[in-house]
Amino acid sequence: MSTPTPKVGFVSLGCPKALVDSERILTQLRMEGYEVVPTYEDADVVVVNTCGFIDSAKAESLEVIGEAIAENGKVIVTGCMGVEEHAIRDVHPSVLAVTGPQQYEQVVTAVHEVVPPKTEHNPLIDLVPPQGIKLTPRHYAYLKISEGCNHSCSFCIIPSMRGKLVSRPVGDVLSEAERLVKAGVKELLVISQDTSAYGVDLKYKTDFWNGQPVKTRMKELCEALGGMGVWVRLHYVYPYPNVDDVIPLMAAGKLLPYLDIPFQHASPKVLKAMKRPAFEDKTLARFKHWREICPELTIRSTFIVGFPGETEEDFQYLLDWLTEAQLDRVGCFQYSPVEGAPANELGLEPVPDEVKQDRWERFMAHQQAISAARLQLKVGKEIEVLIDEVDEQGAVGRSWADAPEIDGNVFVDSDALKPGDKVRVRITDADEYDLWAEPV
């Protein structure tokens, strides 16, 4: 008599890079015959992939761990907060195992110890798709090209959690991308901690893909991805000079004209305290140059207000810079101290919470006006949209200017579309975040 199929529940928190880690773990478990179930009650064990970047993320991770313990009782913890095992066990001493980020084998081993795999599992019958298990909709996928980061930003603890930059061989990355495209993926979202540094640790060594030599470097990676016939979107791009190399690829339609560059601030004084590059004037000149080459270029960024030592003058400098930069998509966070971050030792004056809140509100209002004006320029134009979902009100999609979950939507007045469709539309209306359109 065959043994019951072991069942695993999975909760994935945090950024897209953590989501890719979750996909890798789930793919291995499925290859070993485990069934992935969507509810706590159906699972024999639950894995929680945590985020530990800021205090609010840690609080959410602890809350979800507690929920999983209450609903199931057998919980394994992994991910970025796993480097703080004591903090997890102080609150939830009953967790079965705690592992850190990228510790895939340890997570799978911990699952084995709680719920052994089926001894009669036949991997030739229980097939896993060639692209692996994906937690995103079928038509888009995240493509992680490296782990870790070589920067030492004072507000960040990512290097201590995920280590120094380790680039994947370009042949492996391109082979994975090819499998995803063959499986029906229509948009590849390239992610890492520092996409523009890809290959630095390998000294840009030449690898092979489909028998052809390819350098392990951002430009060559993008050239190869751009030949696969799908949308390719770049995230987490540090503004090195080599970013200039990919703008012509965007202008030629090989890559989406979209750059996600986390600037964090504009004041030279604050950037110095953050240990970020302070070339804000040269950055504005580069924006101008990029837009001359590729007029459709969308630039998204994230910023932090209320960093220790930030004055009203620094904040006003940031607002003025935003006016000059005319960014399309922007996120903003109030500074939150992170345990272990170098910023805690700078001895700078903390910004009061009420001042942080006031600056955040002013920042958002300022940028919303910029974003609204830029989106209004699209009214009447025709663009291509990738449909994400369809409901009774119509279809919801995204343009080249919209990454999933963090940017805006394009609401299309049609009931004849389905997720994964690409459709040409005419923009009829806009607000500060979203567009409305009708099929052409």
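FYI, residue positions are counted from 1 along the chain as it appears here.
Glycine residues also receive a Cβ, built from the backbone N, Cα and C atoms like all the rest.
DSSP assigns Cys51 ([4Fe-4S] cluster 1 binding site) to coil in the three-state reduction, outside any helix or strand. Long-range Cβ proximity for Cys51 ([4Fe-4S] cluster 1 binding site), meaning a same-chain Cβ under 8 A and a gap of 6 or more residues, is found for Leu13, Gly14, Cys15, Ala18, Ala57, Lys58, Glu60, Ser61, Gly79, Cys80, Met81. What Swiss-Prot records for Cys15, Cys51, Cys80 is [4Fe-4S] cluster 1 binding site.
The [4Fe-4S] cluster 2 binding site annotation in Swiss-Prot covers Cys149, Cys153, Cys156. Annotation note: Cys149 ([4Fe-4S] cluster 2 binding site) sits in a coil segment as assigned by DSSP. There are 22 other CB atoms within 10 A of the CB of Cys149 ([4Fe-4S] cluster 2 binding site), with all protein chains counted.
Annotated domain 'MTTase N-terminal' per Swiss-Prot: 6-116, in sequence order.
The domain 'Radical SAM core' annotation in Swiss-Prot covers 135-373.
Across the residues of the domain 'TRAM' (376-440), the predicted structure has a mean pLDDT of 91. Taken from Swiss-Prot, the feature domain 'TRAM' applies to 376-440.
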Check: same-chain CB within 8 A of [4Fe-4S] cluster 2 site center, minus Cys149, Cys153, Cys156:
His151, Ser152, Phe155, Ile157, Ile158, Pro159, Gln193
Over all shown protein chains, what is the count of other CB atoms within 10 A of the CB belonging to Cys15 ([4Fe-4S] cluster 1 binding site)?
18
